[in-house]
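Enquirer: In case it's useful when we look at the structure, here is the feature table from TrEMBL:
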- 203-332: domain 'GGDEF' (DOMAIN)
- 12-34: transmembrane segment (TRANSMEM)
- 40-60: transmembrane segment (TRANSMEM)
- 72-90: transmembrane segment (TRANSMEM)
- 96-129: transmembrane segment (TRANSMEM)
- 141-160: transmembrane segment (TRANSMEM)
Amino acid sequence: MGNGMFERLRSNYQLSVLTLMGLLPILTITPYGIYRLIRGDLTVAVLDAVIVICSLLGVAHAWRTGDTRRPGLIMSLMVSVCAVLVVLNLKTTGLFWIYVVIVFNFFVVSPRWALLLTAATLAAIALLGRGTEVFANDYQLLSFLFTALTASGLVLIFALRARTQQDLLEQQASLDPLTGVGNRRALEIELAIASATQKRHRTRYGVLVLDLDHFKRVNDQHGHAAGDEVLVEFVERVKSSARGEDRLFRTGGEEFLLLLANIDLDGLLSVAGKLLARVGERPFGSVGGVTVSIGGTLLGSPEQWPTQIRHADALLYRAKLAGRDRAMVEEQELARQG
């Protein structure tokens, strides 16, 4: 179990950030809450408890559902509101926590929401705290706002940089570097999304497994550089034949999988026929003619998908045994015309 938790934290950047930023308030604020309760400062103790409970619930929800956006937004909103109330109760002492809130917001939610929540928090403190014991004078108020805004700008730059780097790493980890289509990792993610979509909207999915015929011969006779060019051109031809909503993934050397949404058997056969025709319609540069074999099936309930995808793979090899340059879709054989 411990290894599984560590793997989720390692592979999910936003979940790891939310977990860290959610647990830190629990560790740091809980002692203060107990101290305030012992001293009889019930209002601040309750506010501390609200922050701790919201953090716990937010982290738990993110771990259970995988959704980090909504719990992060709720956590930031509650922390920001409670921070304003803490400042109004603790006066100047409470201002020191605002810098922690700024860092929290920029790492837990999107930059747009972080800017909005931080600006609202600072505006509320300035409007409600001016002329009270929170600030000794306007100069102190302006000094607080200036330092808080400066801190916000610095944290924003760092948070944006971290998000950009993480997005780039995730893109590199999920895309095939040669063809630019998704790899096996991207396929697993897309299948999880499709599974949730099917359960929610009853969307019907299908898969076509594609494998270039005699591709080893292409590499042996023309070299791997020519083979790479064939793969790139093949992907372009598949994309031009598939529908805009279909997703293509490279699952092996010359093997690909096309995931199709909102599809029935006739639609699956139609797409398979178009792919056969498009791939075989003209030579692949100096390599000459290249053909593809296809196995396809409609997907039922998500629990059956792994078995059904293996069935599509078996149909692909039946198409190869039947002579290649053809498709086997739900036991129906379709040969390229022309």
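Positions of Cβ are set from backbone N, Cα and C atoms, glycine also.
The model shown is predicted, which means the values in this text are computed figures rather than measured ones.
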Enquirer: Give me the DSSP three-state residue breakdown of the domain 'GGDEF' (203-332), ordered helix, strand, coil.
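Expert: Helix, strand, coil within the domain 'GGDEF' (203-332): 65 helix, 32 strand, 33 coil.
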Enquirer: Excluding the flanking five residues on each side, which residues at least 6 beyond the ends of the transmembrane segment (141-160) place their CB within less than 8 Å of a CB in that stretch?
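Expert: Here the qualifying positions are 95, 98-99, 102-103, 106-107, 111, 114-115, 118, 122, 125-126, 129-130, 135.
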Enquirer: Take every residue in the domain 'GGDEF' (203-332), average their pLDDT values, and give the whole-number result.
Expert: 94
